[in-house]
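Notes to accompany the following structure.
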Amino acid sequence: MTLLWILLLPMLGTLVPVLTAKWSRSACALLTALPVVVAFLLLISQTQAVFAAENLRYSLAWVPLLGLDIALRLDGLAYLFALLILGIGLLIILYARYYLSARDSMGRFYTFLMLFMTAMLGIVLSNNVLQLWLFWELTSISSFLLISFWWHKSEARRGARMALTITGAGGLCLLAALLIIGRIVGSYDLDVILASGDVLLAHSWYPVFLVLFLLGCFTKSAQFPFHFWLPNAMAAPTPVSAYLHSATMVKAGIFLLARFYPALAGSDLWIILVSLTGLATLLVGAYLALFKHDLKALLAYSTISHLGLITLLFGMGTELAAVVGIFHIINHATFKASLFMAAGIIDHETGSRDMRRINGLWKYMPVTGVLVMIASASMAGIPLLNGFLSKEMFLAETLNQHLLGAISWLIPVLATIAAIFSVAYSLRLIHDVFFNGEPKGLPKTPHEPPHLMRLPVEILVALCVLIGILPVLMVGSLLSSAAAAVLGTTEVPYYSLALWHGFNLPLLMSVIAIAMGLLIYSKRKKLFDFQSSLPGVDPLNSFEQLMKRLSRSCERFYNWLDNGSLQRYMVLLLSAVVVLAGLPLLEVPVLSGGREELPIDAVNATGAALLLISALATVIWHRKRVVALLMISVVGLMVSIAFTRFSAPDLALTQLSVEVVTVILLMLALFFLPHKTPSQSEPSRVIRDISLASLVGIVIGSWAYAVMTRPFNSISDFFLANAKTGGGGTNVVNVILVDFRGFDTFGEIAVLGIASLGIFKLLTRIPLFKPSSDGDGRPWTRERHPMLLATVAQSLLPLALMVSVYIFFRGHNLPGGGFIAGLITAVALILQYIAHGVDWMKARVNIEYQRVVAIGLLVALVTGLASFLFGRPFLTSWFDYFDVPLLGEVELASAMAFDLGVYLTVVGSTLLILSSLGKMTTAHRPVHKETI
Amino acid sequence: METLLACCIGFLTACGVFLMLRGRTFPVVVGLTMLSYAVNLFLFASGRLNLRGAAVLGMSEEYADPLPQALVLTAIVIGFAMTAYLVILAIRARADLGNDHVDGKLPEAEQRRKEAGL
């Protein structure tokens, strides 16, 4: 539970700044820090358990079938990172309180910061890789929000976009890798994956998922050649740079390297890829840092270089190197975060970060100067500071590897060169900022910052010194427990954190680095001239050019694909159908399944012939719309006869009544639509459409044949066996509808109701024009309601209603039921509309059909809910038999009430649709507008 | 008989698809109706054909499969709702846009012809 709270508190903390932003700035900062402090204390309370290597886990099943759990773990590595995240996070909250100006929205800044803190904690504490990935993406998003915090600056927006694109793309690679790994291992549980190193290493897909995984890590940790986003992310407010882009987020990639070290490392491919990338990054970062005039840019490149150093250590493949890597994570976080914050202070108090202008600050801010000097010295690897320790150990490790075979000696040489540049740029930082003459044209007169703003820097610098002098006491157990977690063993290889290892080669390399660094810095003028004579590449611009080209080609593709032609979409869609449904047909050896066919008799043959002819006629005459309508009604009639022939009386009744309603509807529609379709299809298009239609027809027909001629087992035996005993009816189709699958039916009548309401809405305020003649120019007849029809229709009404009542009640046991009865009632009433007109009906039946639909749905719903009263699940049915005088035995079933709901919905929907449209042809239609 | 019904289903599908590929709304509605006949028959036929075997208990010796029948019954009603919605949409589109082309605008060639005619 403690684990969950460590994560939950910062998550809840995202709300605090939003709510408290209207109070004073200090109150807002203080209250925001509160949950972080509590989480930090909770974490500290777990220290003993972590150092004792206890199994700290928390898990909550969420979607167990998909392997999605909310799973947390706290081991040495997670503890170390959580400590950095919460500890430095607290310092940053304090620092930002003084850094942000009165114009900046403090609430927004703290919200984003807490969001990031949550995400970062989520990464390090996750014990499920999918969950880990989710938090991983969240760090990219919160980083985007924080970099673009000053969104009015173009460079902030551009830098944020670039960072999001690069890390987001990497995130997708990582997701792919994690999915493949999860698939191979059979679990997304981190414990399981870390224990399956052998399986993963031996798998044939190892290179694929390793490369994807490393792409995710390298983009996040700004490794060469993806390093360019980090300097551009420096457009963010400095607390963000200190927190995200030096101490925590950029280390997420390295965290992942460390986390998966037991499972993925240990192959030559890992060693080559990781170590060479790290080496390249180390050199490129260290070299470029020297030439940056912007204080933050120098620190950014230095960060890149140090990240490369850590990556190189993890790539060496030896256990000791991994331990040193972890040690350097701690040290780098302390000295670099303090340097960034100091840079922010200088920027804040002088109004500039350009090292060509801010000179000689020693006179104005001596305390800050001392702090910067100590931290820079640590960065350069000067003895008695923590940076020296890990750098010495790193140099020692470079001497112990055999990565490049016979030319392995190159690596310590290159490492020394990087160290030389590291000394040189650290020196430049100190000398250019605090000495080197007087400030030039600064907007403000520099002075020391408020003490509380400097406090975080002081704390971190103190840590640098303390770790540097008393390493074992300060971080000994922390380091060994983290190292044990990374290596996946309980026995950590022997290492010594001593200050003095005697006169050895690494010490010599350090001395060379310091001496050469001094030399290079003193001769910097020539080097600067050389560097500025090189053709410069602006990564931001070239990146944006690339993005623009990419989005243009996407746009072209999109415009080609989505050109607004519905016919083309249909062609593409149907072609896909042909391919997807047709290809499996090729794999079926014999189309016929061998089931015995029914004989063809004369009636069936005639029916089929009529069906085919009328379908063909519909197509041939489709441009004469009334004729096409008549022809398709013949098709519908034949289909309902087919249902009768093949033992589906319910279907036949339904189809027949729907047919009537549909034809009336389409007739009405033709009143408003042109009566003829102009000929416009080019012959080539007709040929294309006929070919495609034939292909679809052939594929579907073949499948139909293949299905019908195969013997089968159906689940219907269950329904047949239980219809009477369980549902109380003998018409199994109806019992399925109102009982077994009642929930489906409920959904379907809901759809019907929604469609009718949608139609009702579509027809309100429609600017219709009322044609005075038909398509051939013949005027519509004035005589609206022929007497003969009116008389017959009126006398038919009671009969039809009686039939529908009969059909409704017998439905449970004989063909019939709510759907069919509803349609019959609807047809009977529509006939009255046709015979007498809307006015006549309105005077007699003034019902709003929307209400009928609503009542029908309510009846069905209440019937379903009623079963809850008896402690049964939704829509459980009940039935019993009663003796009624005169009528004999009568069955009452709750399913009948449900069927009544169906009946009402069908009647209401059908009449709502047709009467709304019918109304348009009369005086009740909306105000006439001559727009067409 | 199965062969004949399969032919009918295939033919109805082809006719329906052809009409749905037309450029005006009304033939598309007709085509959709035709296609829903084919689909309903296909679903129904997946329960295999059975003469004189209505799924009413006690009325025959062997029963047709009631499950596809129940599915098709609701499909017919929903199909009606869909056709109705589509045709009203077509009316509304014509009223708002002034033509009954499925894209909501006439193809350029025809637009030119129409303007020249006026």
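Glycine residues also receive a Cβ, built from the backbone N, Cα and C atoms like all the rest.
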| task | Out of A:49-68, A:749-768, let me know the one TrEMBL marks transmembrane segment. | result | A:749-768
| task | Quick one: sort out which of A:245-265, A:686-706 is the transmembrane segment according to TrEMBL. | result | A:686-706
| Based on Cβ pairs under 8 Å, which of the stretches A:66-110, A:610-674, A:685-775 lies most in contact with the domain 'NADH:quinone oxidoreductase/Mrp antiporter transmembrane' (A:126-404)? | A:66-110
| field | Model confidence over the domain 'NADH-Ubiquinone oxidoreductase (complex I) chain 5 N-terminal' (A:66-110) (mean pLDDT, whole number) | value | 91
| remark: Residues outside the transmembrane segment (A:852-875) whose C-beta sits under 8 Å from one of its C-beta atoms, at least 6 past its ends, are 739, 742-743, 746, 749-750, 753, 756-757, 894, 897-898, 900-909, 911-912
| Counting each residue once, how many in the domain 'MrpA C-terminal/MbhD' (A:610-674) are helix, strand and coil under DSSP? | 56 helix, 1 strand, 8 coil
| Mind checking which residues reach the transmembrane segment (A:23-44)? Cβ under 8 Å, same chain, six or more beyond either end. | 2, 5-6, 9-10, 12-13, 16-17, 79, 82-83, 86-87, 89-90, 93-94, 96-97, 100, 102, 106-107, 110, 114, 117, 121
| Composition by DSSP (helix, strand, coil) of residues within the domain 'NADH-Ubiquinone oxidoreductase (complex I) chain 5 N-terminal' (A:66-110) | 30 helix, 7 strand, 8 coil
